[in-house]
């Protein structure tokens, strides 16, 4: 029985990893979910229920907005420029601003993520399919799994940063630094899109160097999942080496049994880790 359960779980995970819609949604949504997890730890958090509903409505709104957006280079330029400015402002809020803006940024970033995901022409084919067959159900299930997975990782990273804050501020700064790189990584393809639109509209001269920059920035988009996986791996390593091992040593050094029982919840790895 146990072997069958593990076999089923492995088959499910393999199917999800190999599923196009699952991996492509992760590529669009997961970076924003992680940034929101960091942001809400540093600012005023919102409840898990509110995160789910805000994310769902914002994602659907962004998807419908993108699918109904008129084609045109000027529209593309305006959209990329607006998203670029919003992400820069979000970075400013992460570093300097204080206030109850967590719900606002949850909506904005999920909306942007949905528009990124809807760029893929296969998405419209999935949504506009009038025939509900097994393949359609499986693809939609993969999308739901990916959406839930991203929100779970957002909450997990929020807990992880909370544990880091309880130990030492240097670890928290390292977490912020790692995911600050993620924000810069997201800005580069948008800069490439803006530059490409300027060249297509003949605002800027078409040069080999600029085309090379656009091509390299666009290539970053297809490697987002690898970059995010690297950041998550470094975060795990950082937490284990700088926080968990230190707390474990401090707990073992305590001789008082009552003191150990009081301190034990602080030294555990958070739920979902």
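Using N, Cα and C of the backbone, Cβ positions are placed for all residues, glycine too.
Those TrEMBL annotations? Automatic predictions, nothing curated.
Record features (TrEMBL):
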TRANSMEM  12-39  transmembrane segment
TRANSMEM  51-69  transmembrane segment
TRANSMEM  75-96  transmembrane segment
TRANSMEM  103-118  transmembrane segment
TRANSMEM  138-162  transmembrane segment
TRANSMEM  174-200  transmembrane segment
TRANSMEM  220-240  transmembrane segment
What stretch of 75-96, 103-118, 138-162, 174-200 shows the most Cβ pairs under 8 Å to the transmembrane segment (51-69)? 103-118
For the transmembrane segment (174-200), the distant same-chain contacts (Cβ-Cβ under 8 Å, at least six residues beyond its ends) come to 31-32, 34-35, 38, 42, 73-74, 76-77, 80-81, 83-84, 87-88, 90-91, 94, 160-161, 164, 206, 210-211, 213-214, 216-218, 220-221, 224, 227-228, 231, 234-235, 238, 242
